[in-house]
Amino acid sequence: MRGVRPRLRIVGIVILAAWIGLAALFGLLKPIKNGCTMTYMYPTYIPISVTDGATPPGRYGLYLYHEGWRKIDSKEHLDRLSGVPVLFIPGNAGSYKQVRSVAAESDRAYQGGPFERTFYQEASLFRGEGADTESVEYDMPSQYSNKLDWFAVDLEGEHSAMDGRILEEHTEYVVYAIHRILDQYKESHDTREREGAAASSNIPHNVMLVGHSMGGFVARAAAVHPRLRKSAVQTILTLSSPHQSPPLALQPSLGHYFAKVNREWRKGYEVQTSPGGSYVSEPLLSGVVVVSITGGYNDYQVRSKLESLDGIVPSSRGFMISSTSMKNVWLSMEHQAILWCNQLVVQVSHTLLSLVDSKTSQPFSDTQKRLWVLTRMLQSALSQSFNGITPMKVSHELPMLASKGSESQTSTCGLDWRDDALDRDLYIQTSTVTILAMDGRRRWLDIESLGSNGKSHFIFVTNLAPCSGVRLHLWPEKEKENSNLPVCERVLEVTSKMVLIPAGPAPKQSEPGSQTEQAPPSAVLKLGPEDMHGFRFLTISVAPREAVSGKPPAAVSMAVGQFFNPEEGAMEVSSPSMLLSAYWTKELFLKEDHPLAYNLSFAISLGLLPITLSLKTAGCGIKTSGLPDGETGDLDKDKLCKLRCFPPVALAWDSASGLHVFPNLYSETIVIDSSPALWSSSQSSEKSTVMLLVDPHCSYTANVHVSAPAVSGRFVLLYGPQIVGFSFAVTLFTLMRQANQWDHKQSVPPFLSAVEHNLEMPSPFLLLAVFPLLCSLFFSFLMAQPFPPLANFTVVSLICYLLANAFISVLVIVSKFVFQASALVHTTVKSKCQALERSSSLASSLVCLKAIRILKLNTTIVMTLVAVTLVSFVHPALGLFVLLASHALCCHNSMCCIMMASRRKEPVDQKTEAERKTRHTSGRLEPLPEDTSEKSFVETQADIFNHRHGLLILHLLAAMMFVPSLAAWFQRIGTGQSFPWFADSALCVGVIFHGIMNSRPESSILRSFPSVLGHQLRPHHIYLLAGYYCFFSGLELAPYKVFYVIAALGYISLSRKISQVNNNDLRFRTKSRIHRR
C-alpha cells in the first residue's frame, strides 16, 4: 500500500493537468464573435529611399501609405508632403501593410470631418485624471486642420517577441526611420521652395508613433534611445502592446531589455538636478504622452495587466484604456483584429486628427492639451460614471436653465424646445416612472417623498436621445410665478450628465412607427443622494413626436426611472456556489417591482472564473386569460413581455481593464480581463461586481453557470508563466532529494520517485510549496506592498505547483520510456551483432557498434568547447542542445549497462533458484553467496542514470526556454545574424558548467562547498535555496530569472574546481620538494 499511494498522487495530478489542458485547448480554439466590421481600402505603398551618406541599421525598409485607386507619381507625391507624420510600427511577425486600415480611415475622417456635436458634448462631461484640465481651452473643431501622412517600417516580419537582440535592432531602425521622415519633410519643403510653389505649412519637428503589439514597446524604446533627436517623439499610441514585461518572459535578454527601457522611462519623468541637488531642467520625457489601448478579454496573446502603464508613465502623462470601454467601440477583440476592427480604427483616426492644432497645422505642443484631447476622445463618460459601480458626481457649478416662460434660457443641449411644446404636467406618485411614448409631457417626482425609506438613489434608463428626446432637471421647489429668485439659481439641468451605452440591434419594424418590441436602452443616468442634496423635485421632460426632425420614431419610445435602495438590489454569489455551478446551474429569481439596478457580487473574480449568465423573462404583469386560444403559450408571453420590457444590460467593472458592457443580455459569457490571485494583485481584484439593468415591470429567471473550458483557458493564459517558474523549482527540489539521499550513503532515487516523495503530506509538501508562499507574503510586508487576496492567491499558487509537478512527471515518464526503448534496441542489436561476429568472423558487421564505442570515449573537454562556442557565437539553444546530448548519451549508456547486466544475471538467478529449492526440500537452509560485484555494478549504473536523468530534465527545461528565440534565429539565416546577447551567452555558459561539473553524483563539485557560519553546506541545501528562488521567479511571472540561479551554480562549481586543481598542484609541488631534500 505504501507504494500505491505515491503513484496515485502522480496519477491524480497528471489527470488534473490533462483535464485542464484539454479544456483550455477547447476553450481557446473556440471561434470568437467580436462584432467588428471590416475596413476596406485602396492601398499604395511608396518606398522612402535612403539619403546619401546614411547607413540605416539592419536590412529593413520605410514606406509611405497613400489611399486611392488612381495611380500616382511617387516622386511628385513625396515632394508635396505637408501633413502630420505618423509612423506605424508592426509587432511580432507583423507586416508594414497592416497600416492600411487605420491609414485609410484617417483619410476618410479627414475628408468627412469631425463627429457629431453630441459626441463632444458627452466627452466633455468629465475631467481627465491626473491632468490639469481646468486651464485647458479647446473648442470643438468644425473641420480638421491637416491630414495625416502615414508611414510604416518594414521589419521583415521578424519575431521580435522571442529575441531581445531582434527587439533592440528594431528599436535602432525606428530611430533611423524617425530621423529619415523628418528629413524627408525638410527636403519636400525645400523642393517646393525651389520650384516656387506655395510652402505655407510648417515643417514638422516630431513624429507621432502608433505601434501594434511589440511595436508599441519598440516605440517607447525609441523614445528613450540615446541617438534620438530631442523632442522628435511626443505622442505614442499603442495597440495591444506589452509594457510591464514581455508576453513570453522566457529569454533573459527580453526581460533585461524591458527592465532597461522601463527604468529609463521612470528616470525620464524625474526632474533633472545637479550633483548638488539644484534644479537643472524639466524631465526629459515631460513632453511625451502615452496611451495604451488594450483588446480586452478576447486578446489571448497579451493580457491587460501587461499593457498597463502603472509605475512607468505617470497619470499626468498617459493612461491605459480597454477597447471594451471606448466610446463608439465597446468591443473586445483578438490580438490581430484590433488592427482592422472598423469601430476602433475610426475612433483612433478621429482621435489623432483632433490632436492637430488649427494654428500650426501640427500636433499641439502643450502636453496637457494633448492629454485632454486623447482623454475626451477615447474615454467614455460611462466608465467614470460607473467606476466601481458608483454614481458620477454632478457638478453644481454650471446650472442649466429649463423653465417655462423664461426669456433668457441657456443650455448645453443643442435643441431648444418651444415654450408651449410641452403638454400638461404629470405628477408621479410611485418610485418607478415609465415612459412608453414621446408624449410631450413633463413628469414631476418628489425627491423627499419618493426617495424616503432608504431609496436615496435614482437611476434612469432610456432609448431616447438626450436633449432632443428627453431632458432632466433638479428643482429646489416647485416653480412659482411670484418667486423672487432667478431661475438659474433654482434649476439645475442634469441632461448632459447622461452617458451613452452601447445599444444592441434595434428591433425590426413592420411599418414606420409600428410597435413590435422594446428597443434596447442607449443612455443611462445615475444620481446619488449627494447629487440631489438641496433639491426637492426631479422632472423628466419628454419631447413631442414632432421634435424628431420628421424621422420615423423608434419602434418603442422608452424610458424608465426609479428611486431605489442599493442594498435591496444586491446579491452575493459565494465561492462554493460559483464552483458548484460548473456542474449544477445556480438559479436566481428576480420578482416584479425589483430594483432597476441589480448588483451581483461574485466572491471569485470573473477574470479567473468566467460565468455564463442567462436571463429569461418569467412574467411582466400581463394576464393572458382573456386572450384567444393558441395565444397563451410561453412564446406569446415572451413576445408580450418584450413589447413591454426593455432588453437587460450588464455592466462589469474591473480596476485593471476597465468597464465591460454586455447589451441585450439574454445569454452571454461574462468575463473581465483582470489578473487576480497573483503576487502583485491587490485585494480589490478578488471580487467582481456586475450591475444588471433590468426592467422592474418584468420578472426574470437568471441562471449562473461556470464554463469549464472558459475557466481552463483563462487559467492557462494568466498563470502559464507561473507554472513555468514552478517547473524549475520542482526539478531543483527533486535534485535536492536525490542529493540528500546520496549524502546519507543511500542510492540515488529515481527522478519520479523523488517527485512523488516531495508531494507527501505534511512535511515535504508544506516545506516546498506552502513555506515559500508564506515567505512571499512576508516579503510583501517588508517592502510595504499590498497583500494579494490570501485565499485565492494560496489556492491558485498551489494548483500551479501541482500542475508543474504533473508536467515534470510527464517529462520524466516520457524520457525514461525513450531511454528504455533505445537501450532495448541497442542491446538487442549488439547481441545479434556479437552472434553474427562469432559465426561469420566478419569485422565489417560491427560498424554500427564502432560508432557507439567511439562515443563512449571521454569527450568532456571537446563537448564543453563545442557547447561554449555555440552559445557564445551562434545561439545559446544550440550549446544547450550539445549539453543535452551529453546527458542523453550518458543515460543511454547507463541504461544499456543495466539491461546487459540483467540479462547476464538471469541464467545465474535461475540456477540459484533451483539450488534453493533443492536445499529447501532436503531441510537444510544455508545462506546463498551473493555476487556482490555484479550487484554493485548495477546499483552504480542506476545511480548514474538517475542523477544524469535529473540534470537532463533541468537542462531540457532551460533549452526549451530558448526554443522560441531559436525559431526567430532560423528565420534570419542568411540575412546577416549578429552575435547573441552577452547576458544570454554568459548565463547559458553557466548552465553548461553546472551540467559538466556535477555530471556524477560522487564527484559533484557542489559537495566541496565551503562552510557558512560553521555549518557545512551540502548540495541538497544549495538545491533547496535555488528551488526557492525559482519559486519566487514564478510568482513574479518572470521565469527567465531562473537562469540566474542555475548559472550561479555553474560558475560556483567552476570556481571550486579551479580551486581544487590549484590546491592539488600545490600539494604535489610540496611533496616533490620534500622528496628532493
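Note: Cβ is positioned from N, Cα and C throughout, glycine not excepted.
The annotation transmembrane segment is assigned in TrEMBL to 7-29 (among others).
The domain 'GPI inositol-deacylase PGAP1-like alpha/beta' annotation in TrEMBL covers 81-354.
The transmembrane segment annotation in TrEMBL covers 716-736 (among others).
Annotated transmembrane segment per TrEMBL: 765-784 (among others), in sequence order. Nonlocal intrachain contacts for the transmembrane segment (765-784), taken as residues 6+ away from its ends with a CB within less than 8 angstroms of a stretch CB, comprise 679, 729, 733, 758-759, 790, 793-794, 797-798, 801, 1027-1028, 1031-1032, 1035.
Positions annotated as transmembrane segment by TrEMBL: 790-814 (among others). Taking Cβ pairs closer than 8 Å, the transmembrane segment (790-814) reaches residues 10, 13-14, 16-18, 20, 575, 604-605, 608, 676-679, 681, 686, 715, 719, 722-723, 726-727, 729-731, 734, 751-752, 755, 758-759, 769-770, 773, 777, 949, 953, 956, 1034-1035 in its own chain, all 6 or more past its ends.
According to TrEMBL, the feature transmembrane segment maps to 854-874 (among others).
The region 'Disordered' annotation in TrEMBL covers 908-930.
Annotated transmembrane segment per TrEMBL: 951-973 (among others), in sequence order.
If one looks beyond the transmembrane segment (716-736) by at least 6 residues along the same chain, the residues whose Cβ comes under 8 Å of a Cβ in the stretch are 20-21, 24, 28, 249-250, 300, 303, 607-608, 675, 678, 751, 754-755, 758, 768, 796-797, 800-801, 803-805, 807-808, 950-951, 953-954, 957, 961, 1019-1020, 1023-1024, 1026-1028, 1030-1031, 1033-1039, 1041-1042, 1046. Here the transmembrane segment (951-973) has Cβ contacts under 8 Å with residues 158-159, 161-163, 166, 248, 250-251, 724, 727-728, 731-732, 734-735, 751, 808, 811-812, 815, 875-878, 880-881, 883-884, 887-888, 891, 984, 988, 991, 995, 998-999, 1039-1040, 1042-1043, 1046 of the same chain, all six or more residues outside its ends. Across the domain 'GPI inositol-deacylase PGAP1-like alpha/beta' (81-354), mean pLDDT in this model comes to 87.
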